[in-house]
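All remarks here apply to the structure that follows.
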Ligand code: GLA
Ligand code: GLA
C-alpha cells in the first residue's frame, strides 16, 4: 500500500533493510537480577524477537521518591536491547502509581459507586480525572521523553497501559466535577440537559449544573440517560488522559509514533475504541482467549473489529498469551498448535506485529502463573520451542508487512452506544447481551465459510458492502436512520434484529411503534415487545428455535415478505423474520435470538439477494476460516484450520509462504498463507 498508509507503524527492518513483522513481548527486566538480562537478549535473538514493550510498571523504580530519579538501569537495558538489534516500544510508566504518591496524595484513588475507596495494592489505582495524578504522570512522561527521545532503541511510545482496565468507572468528587464540565460542553444549557435526561420523570429536574452527580449508588434505577452519558464521559475521560500524555510526547519526540494498547476482546465494553482510534499513530490491541464454545470465533471477531476501528490499516497485537492466563476461574493451557494458530489469526486480520504478555514468566507476583515466552521451565521446553518456531514463521511472512486487509462483501456493524444503552437496567429483559448477539452472527458467517468485516456503525462507508448486518442496533439517531435508508435505497441489503431502532442518542424512545427509527425502512410495526423467560424457546417454521425475545409484528409495507413465522408461543402464526424489498435493496428484520446455529440456517436466505456465497468448498466451510490481505502486487490468502482434523481443501492457487498445504489437505490447527500475484 501507499507509504502514508503505514508510515507511522514501527516496522522492524531485516538485514536487507526491508520490513519485517514485529515479534516480541512485554519485557519486565526489573523483576530479574542483572545476570538474567544478557540471557534474555540472547534468547530473544534465538526466537527472532525484534520488539519489546518496556517499563510498563516501572514507575516506583524510576522515581523512588518525589524528587529522586533512577534511570541508570533503564539506560543499561535500552543499550543492551539496542546492541541485540531489538527495538523498544517504551512505556510512559504511568499505569501503576508508586506507594509514595498514593500515601502523599490519597485523593488520586478511585471511588466506587457506593463510595468505597479503591486502595493501592494492585495496579491502576488512579482517577482518570485527578489533576494531582495528571500532574505527576505528566512529569514522569516529560522526564522519560526528554531522556530517551534520541535513544536508537526507541521505536514507539506506549502510553500508560490498557487504559480503563481497572479504573474506567470512578465516582469520586473529581469525576463529578469533570462530568459537569463534560455535560456543559455537550448540552450548553441546563434546559437542553433536562430535556435530554428526561428529568421531568421522578422529579429530577436540575436548576444548577453543580447539583449533578455521577450515577452513584441509588435506591432504584438511576436516570438512564445520566447512566449512558456517564459511560460516554468515562470513555472520554480516559481518552483525555491519553491525549494529555500524547501531547507531551508529540512535543518532545515528534518523530516517534505513539500508541496505547486497547482491549478489544470479549466483554470489555467501557472504552469506545472506535472513537479513540484516530488519536494514536497506530492502533494496538491486547487479546486473550476466554475458553468456551465460541472462543476462537471471538478471537477472530476481536481481531477483525480491531482492523475495523483501525480503518483497515495494519495494527499491532501488543499482548496475547502463549498458553494459560492467571485470571480465569480455571486457566487452561493451550493445546499444541494453538499458540501459532491464535497468533496467525490476528495476522490474518491485519496485525503486523505479534507480541505477548510477557517475555519471561514471573517468579513472584500476581501473574506468576500466567504463561510467557520463556516459561518457568526455561528454554528447554516445548513452549519455548513453539515460540522459536513462530518466530521463523513470522520471518517467512515478512513479504506481507504493510499489506492491507481486503474488504469483505459483508459487514457486521458494532456500536458502543448501542452496546451501552441496550444493556442498561429497567429494560424489557436483563438477559440481553449485545456482544453475544453480534458474535452469534459472526459465528454463523464463519460456519458458512463467508468472510465478513466487523466495522464501527458510525463513520464507516457502508456503500462498499453488499450486505450490512446490524444486530441490536438499539441507538439510532436520525442521521444514522437516514444513512441506513440511503444505503438500502442505493441497492444495499440491510439485516437488523430485535430491539433495534428503538431510541435516539438521548435514549428517548422513537414513538409510534417499534422499531421506531427503522419502522418505515423495514415496513413493519411492533406495538409491544415479547421477551421470553430464561430457558424458554419458541419454534419457527424454518426449523429454528428462538429465545430471549419475540416481537408482535404487524406488516405495514406492501412489499414485505415473511421469511419465517412463529409456530408456537404468544406470537404463534405471526411473522418472526421479515424482509422488505425496495427498488434495488432489501431490509430484513429478525425478531428473536436464533443463536449461531439458527442464524446459519437463516443466513443463506438473507444473503441471497446480494448473491453472497462461500468461496470455500462445502467440506471446508466451518472448519476453515479464510482472510485475505493484499498489496499492489499480491493477494495473501490465509487458510486457517480451526478444527483438530485435517480438512480437504483442493485447488487453492498460490505459492505457500508459510504453513503446510500441499494443494489437497490442510492439516489440523494449521495456518497456511498463499501468495497470489494480482498482475
Ligand atoms: C493485561 C495487562 C498485562 C497483563 C495481562 C495478563 O493485558 O496489560 O499487564 O496483566 O493482562 O493477561
Ligand atoms: C411503584 C411506584 C410507581 C412505579 C411502579 C412501577 O408502584 O409507586 O411510581 O414506579 O412501582 O411498577
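Quick reminder: no glycine exception, Cβ is built from N, Cα and C everywhere.
For 162, the entry in TrEMBL reads active site, proton donor. Annotation for residue 162 (active site, proton donor): spatial neighbours 95, 124, 261, 262, 263, 286, criterion Cβ-Cβ under 8 Å with sequence separation of six or more. Under DSSP, residue 162 (active site, proton donor) is assigned to coil, being neither helix nor strand in the three-state scheme.
Within 10 Å of the C-beta of residue 319 (active site, nucleophile) we count 22 further C-beta atoms, all protein chains included. Residue 319 (active site, nucleophile) falls within a strand segment according to DSSP. Taken from TrEMBL, the feature active site, nucleophile covers 319.
Among the features that TrEMBL reports, substrate binding site is placed at 123, 161, 327. Residue 161 (substrate binding site) counts 23 other C-beta atoms within 10 Å of its own C-beta, drawing on all protein chains shown.
Residues or ranges marked as domain 'Glycoside hydrolase family 42 N-terminal' by TrEMBL: 26-396.
If you look up TrEMBL, you'll see 408-612 marked as domain 'Beta-galactosidase trimerisation'.
The domain 'Beta-galactosidase C-terminal' annotation in TrEMBL covers 624-676.
According to TrEMBL, the region 'Disordered' annotation covers 1-22.
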**Study point:** Residue counts (helix, strand, coil, in that order) that DSSP gives for the domain 'Beta-galactosidase C-terminal' (624-676)
**Key:** 0 helix, 29 strand, 24 coil
Review point. Same-chain residues six or more away whose CB lies under 8 A from the CB of residue 327 (substrate binding site)?
Key: 370
Check your understanding: Other than 123, 161, 327, which residues of the chain come within 8 Å of the substrate site, judged by Cβ distance to the Cβ centroid of those residues?
Key -> 95, 122, 124, 162, 165, 166
**Study point:** For the domain 'Beta-galactosidase trimerisation' (408-612), mean pLDDT (0 to 100)
**Key:** 98
Revision key, fill the gap. Close to ligand 1, in the sense of Cβ under 6 Å, among 123, 161, 162, 319 as recorded positions, are 161, 162, 319
Exercise for review: Identify, in sequence order, the residues in the chain of residue 123 (substrate binding site) that are 6 or more apart from it along the sequence and have a CB within less than 8 Å of its CB; answer 'none' if there are none.
Suggested key: 57, 95, 96, 166
Point to revise | Among 123, 161, 327, the record's substrate binders - longest CA distance, Å | key: 17
